[in-house]
């Protein structure tokens, strides 16, 4: 029994502490929720909501964005002036200094309010309401915090070459070049090769044959004679194809 009584008491104390902290927070304006309509109460199951403390109904709206995005709209909103006027009149009741941005290809409309409180009121009242036979949905637009109007430079990652930069960063160290891999055995074997000689790479075994490299001989005089003979040879003449005889139809 003691545990059953202590639980609600601790919960009420925690809620009261949170409410006091919210009231003491500087620069924060608190507004209560709009009362639920009869249809909404029926959807929620009905009942008396008087047991809810008014402090629990207060919500911090200071950090909410001042724009909403309307989705699932009828295509007539983007082409028909009368339908567009009806659509805008729904939101002008919450804010007179309101602007609209229509995105026909995305079938969405961005509604810009003068303050976040009007945007929150419109979202609470018009979200999932029927307009022109379709259920309209409202979402808060994402806010962008731009510190500077200039494009920020890219991060200097992986921009340092092996040579030291003009102003090395803290902790930069010179990278040593790797030692090239040289096969001295192969160079020694190639140096011992001569024209007309052969070199045995692998000796034969009982199960494998030997691998022998034969160096091709090069006769410089013979190559020069072949080149001179190729130059003396007459170039073949390309004979063009003869055009077929043409007889006009009116003369045939």
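Glycine is treated like the rest: Cβ placed from N, Cα and C.
Look at Swiss-Prot and you will find 219-228 tagged as compositional bias 'Acidic residues'.
For 163 (among others), the entry in Swiss-Prot reads phosphoserine.
Under a cutoff of 8 A between CB atoms, and with a sequence separation of 6+ in the same chain, residue 167 (phosphoserine) has no neighbours. Look at Swiss-Prot and you will find 167 (among others) tagged as phosphoserine, backed by experimental evidence.
Under the heading phosphoserine, Swiss-Prot lists 218 (among others), citing similarity to another entry as support.
Residue counts for the region 'Disordered' (219-252) under DSSP, split into helix (H, G, I), strand (E, B) and coil, are 16 helix, 0 strand, 18 coil. For 219-252, the entry in Swiss-Prot reads region 'Disordered'.
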